[in-house]
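**Student:** Feature table excerpt (TrEMBL):
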{"type": "TRANSMEM", "residues": "26-49", "note": "transmembrane segment"}
{"type": "DOMAIN", "residues": "40-286", "note": "domain 'G-protein coupled receptors family 1 profile'"}
{"type": "TRANSMEM", "residues": "147-167", "note": "transmembrane segment"}
{"type": "TRANSMEM", "residues": "197-219", "note": "transmembrane segment"}
{"type": "TRANSMEM", "residues": "245-265", "note": "transmembrane segment"}
Amino acid sequence: MNNWTLNSDVLLLEGLKVTRRSSFPAFLLLLLIYIFIMVSNMSLMFLILMERTLREPMYLLFCNMSVNDVFGATTIIPRLLRDIFLPSSERFILYNHCALQAFCNNYHASVSHTVLMIMAFDRYMAICNPLHYSSIMTNRMMVNLSAWAWGSVFIMVAILIGLSVRLSRCRWIVENPFCDNATLFKLSCESILINNIYGLAYTVVLLGSSIGSVTLTYLKVATVCLQSKNNVLNSRALQTCSTHLAVYLLLLLSGSINIILHLTASLSYPTIGSWYTSCYTLYPLH
């Protein structure tokens, strides 16, 4: 069975721990979550596209987040819904499909960081430089920033997954309910030194720039609010920044939980790669 699976590029997903009794409630819960994500985000996109008064930079950023949420949910949830009712010994996935899902998961989570970085900059300009906001944060500027947010991480994630796909495989069991970069290189018995080096650089660049830019932005916003005696400005800053900050903290929390899950599930693997390259593989529900 092992030889047949390896030669056929078929993997077994073992991470979904659902009993026969709890399978239907789990299916119903996941289905409702998926429907909510799709309906809410697509409704928001439709509203922004149809209403001309909402075609402003801030709302274009909301469209980016909605598109990314739909993309991330569609990458993971439909397959989980299918696998819930399958016996654990029959949850197979082609290696190519696993690699594609890993790419989509990392890409979705990385885009979440870059888009939230742009949102932080947008809030900074609106609160700290309101007189120059309309001249700098134009729709054209927002389109360029959005292209950077999606394009830059596309290249980074493509290299990340490519380094894992190049490895030969000696295992065929995926100890995760879905595929991500960490599960890909865990299938190999080769040295993953290059993966660790690039994974560390990838994490430092993306996470460092993300945390650094958001932290500096909100420190500047807080300074302006403390120095200002304008209650209207302070109230506006609180309203516009609290939601963004909550979403960003949720993203960091979900990434941290995923790192812990990978580490506790793979203590037998002598690698530090899961510290680095699994930082952004868990789908963050915004």
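The backbone N, Cα and C atoms fix where each Cβ goes, glycine too.
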**Student:** Checking distant contacts: for the transmembrane segment (147-167), what same-chain residues at least six beyond its ends satisfy Cβ-Cβ under 8 A?
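**Tutor:** Contacts of the transmembrane segment (147-167) (Cβ under 8 Å, skipping residues fewer than 6 from its ends): 64, 99, 102-103, 106-107, 110-111, 113-115, 117-118, 181, 184-185, 187-188, 190, 192, 194-195, 198-199, 202, 205-206, 277.
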**Student:** Below 8 angstroms Cβ to Cβ, which residues of this chain, lying six or more residues outside the transmembrane segment (26-49), approach it?
**Tutor:** 18, 55, 59-60, 62-63, 66-67, 69-70, 73, 77-78, 80-81, 84-85, 285
